[in-house]
Amino acid sequence: MIMYTMMSLHMCYILRHNLKVMMKFVGITITGLGAILKVVTFMINRDSLINYHRTLNNLFEEELMKNEKIQMIIFSSLRTIYILAYTYFVILVVVIFAFFGSTYIFIIHNLLYLHLTTNYTLPLSRGVGWFWPIPHNFLYHLHLFYETSLIILSTMTACGVDSAFGFYVYQFSSTIRAMTFALTNPLPTEKFSDILRTCVVKHQKLLQCRNTLEHIYGPIVFWHIVTNAVLLCSLMYDLISLPDYNFYNVSASLVYAVIKLLQTFIYAWHGTVLTSAGEDFRKGIYFCKWPNSSLDHHMRTNIILIMMQKPMTVNAFFSPVDVIMFTNSVNATMSYFFLLQSIE
């Protein structure tokens, strides 16, 4: 991916006199830098991420092994989570095919006539993005396969890391909602004070997991919020400046804009899901029977501290990750766009 980013930067330098074309490669460069950021962040925090995954997974499976009502609560939001993830994946796959499809169709068409030609343009480097001349022999085809691998690797890295955030939030929110249900609907055979103690201990573990999730995904979300706003602004500016509105130009810009909007929305919506689940847990504790239960002073103090805490949110540095962040990002994009228009 480092080579992918360096090649894109080189293309930006080559096309520096053509602002519209250069901005497309600026977007590709930002995508490459984002993929590098995700890989480096996960590698640096590998040990803490493994511990986080084990802790959260154990808490999730612990709740999942309970009665059928809790299982229904846990699985109620799964459909929305995987539909969003699959939609994101399908759109990215379509973009990859659109990016390389014409080149490979041309090659396959010539192979049907037993003729392997290099009379095509490399989709990413355009034949001039590499730091060395590319001979028109089998090495030309090798560069095509390498560019294809770079694009697929970068795209699937983004898809995997973005979707993993949704999966972790699903485990978070489902565990919290199961705990809330257990507090507000205790079984006759269960002792309420024991349920409450268990939920308080689990909540403390979830807070530690939340801190780990924020530490890992905070810089990633902040990167996407800033860069996606800039890229969407440049896409809108480029779209209204097109000399001719043919299907390829309009569809390419719109699909790329949809991907960036969907990427931002995925993080924002999942952040809102986590915050809502944490708020429901606080309400569940507030309205449950803990004031009349036989709890010691230490446990009562922990319960009061839980109710006094802010909602369980993931912050991207200074901004909480929620739907409001998404609307603010869209508003910032529109503001930058109108500013560019006024300057022009």
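Placement of Cβ uses the backbone N, Cα and C atoms for every residue, glycine included.
For reference, TrEMBL has these:
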- 21-44: transmembrane segment (TRANSMEM)
- 81-107: transmembrane segment (TRANSMEM)
- 150-170: transmembrane segment (TRANSMEM)
- 220-240: transmembrane segment (TRANSMEM)
- 247-269: transmembrane segment (TRANSMEM)
- 317-339: transmembrane segment (TRANSMEM)
Practice task
Would you kindly list the residues that approach the transmembrane segment (247-269) from elsewhere in its chain, counting only those six or more residues past its ends and only Cβ-Cβ distances under 8 Å?
Solution key: 27, 84, 87-88, 91-92, 94-95, 98, 158, 162-163, 165-166, 217, 221, 224-225, 228, 231-232, 235-236, 238-239, 321-326, 329-330
Practice task
May I ask whether the transmembrane segment (21-44) has at least three C-beta pairs under 8 Å with the transmembrane segment (220-240), counting pairs 6 or more apart in sequence?
Solution key: yes
Fill in the blank from the handout: Best-packed against the transmembrane segment (150-170), counting Cβ pairs under 8 Å over 21-44, 81-107, 317-339, is stretch 81-107
Practice task
Using a Cβ-Cβ cut-off of under 8 Å, list the residues of the same chain that are 6+ residues beyond the ends of the transmembrane segment (81-107) and lie near it.
Solution key: 116-117, 120-123, 141, 144, 148, 151-152, 155-156, 158-159, 162-163, 166-167, 170, 252, 255-256, 258-259, 262-263, 266, 269
